[in-house]
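Accompanying notes for the structure given below.
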Amino acid sequence: MTGSQPWHLSLARFDSRPSAEPVHGNLGQVRHVVLVLSGKGGVGKSTITTELALALKHAGKKVGILDVDLCGPSIPRMLSMGRPDVHQCDSGWVPVYTDTQKSLALMSIGFLLEDPDEAVVWRGPKKNALIGQFVSDVAWGELDVLLVDTPPGTSDEHLAVLENLKKHRVDGAILVTTPQAVSTGDVRREITFCKKTGVRILGIVENMSGFVCPHCSECSNVFSKGGGEELAKTTGSVFLGCVPLDPLLSASIEEGRDFTQSFPDSATFSAISSISQTLLNSLQTD
């Protein structure tokens with residue numbers, strides 16, 4: 001791909017007309033598309049997306065992340081990407097790569113804003129149009145897995161993602177919850193959304209499941225545990241596993257460091273690695 005001049009998004013100038021580019025074109029070499037959903041905000045959905053992407057990358061897979069959390073694009077920071085220039089090629093926007101091997105690609109509205117502190121104050125049609133362009137106009141190239149990080153809820157953005165991906169097979173969705181009933185109740189509604197829209201549920205991840213002591217590494221159930229697993233049982237879903245609330249993981253996310261590479265002997269690494277392997281097995285046997 002040959003890049004042209006860097007391109008930034010002006011909120012005042014953005015054209016809300018949908019792109020005429022066929023959706024299947026830039027997704028033609030993407031083997032699997034997985035949505036990451038949650039009916040609840042603050043459950044660590046972007047964290048799980050980031051860590052799964054890194055785990056899949058270290059497993060030798062080529063991975064992409066499409067960050068459609070338009071009002072809270074946090075993944076660029078989690079991957080320590082800063083605000084690099086986004087270039088265009090003949091096929092559309094060139095995603096930003098986290099490594100020279102181009103094994104992890106990312107596209108986020110966080111790269112396109114002229115002012116990183118500017119709020120995206122958009123109504124539905126404008127959001128939907130940008131999501132349409134993200135789906136159709138990003139030149140992903142060859143990927144094993146594309147993870148789509150979505151905002152919380154079951155709103156316009158989620159419908160726009162599904163509508164724009166309808167020409168390309170969506171393998172399914174991972175649902176992220178915390179153990180508390182207030183979270184699992186919202187995720188239960190997300191399960192209903194998946195059933196209504198025909199999205200296969202690949203499994204449920206219980207995040208912030210216990211607290212890992214930074215001194216002795218013992219995991220204590222400070223809040224609660226097991227809500228996600230119970231939700232999986234009652235809804236007939238696959239339970240992918242638990243990820244504890246780990247200060248080392250939190251610090252890695254804040255600093256943009258690769259947790260899976262920095263702490264390969266931790267219980268949290270084992271949990272993330274197990275979830276990613278279960279996901280891979282599910283995709284490969286589908």
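The first residue you see is number 1, and the count goes up from there.
Glycine is no exception: its Cβ is also placed from the backbone N, Cα and C atoms.
As written in TrEMBL, here are the features:
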- G39, K40, G41, G42, V43, G44, K45, S46: ATP binding site (BINDING)
- C213, C216: [4Fe-4S] cluster binding site (BINDING)
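Everything TrEMBL records as a feature, shown here on the structure.
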residue : record                        : contacts (Cβ under 8 Å, 6+ apart)
G39     : ATP binding site              : P152, G153, T154, D186, V187, R188, R189, E190, F193
K40     : ATP binding site              : P152, T177, T178, V182, S183, D186, V187
G41     : ATP binding site              : P151, P152, G153
G42     : ATP binding site              : P152
V43     : ATP binding site              : P152, V176, T177, T178, S183, N207, M208
G44     : ATP binding site              : V176, T178, N207, M208, V243
K45     : ATP binding site              : V36, L37, S38, D149, T150, P152, V176
S46     : ATP binding site              : D67, D69, G72, S74, I75, M78, D149
C213    : [4Fe-4S] cluster binding site : C219, S220
C216    : [4Fe-4S] cluster binding site : none
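Summary of the ATP site environment: with the site residues G39, K40, G41, G42, V43, G44, K45, S46 set aside, the chain residues having Cβ atoms within 8 Å of the Cβ mean position are S38, P152, V176, T178, S183, N207.
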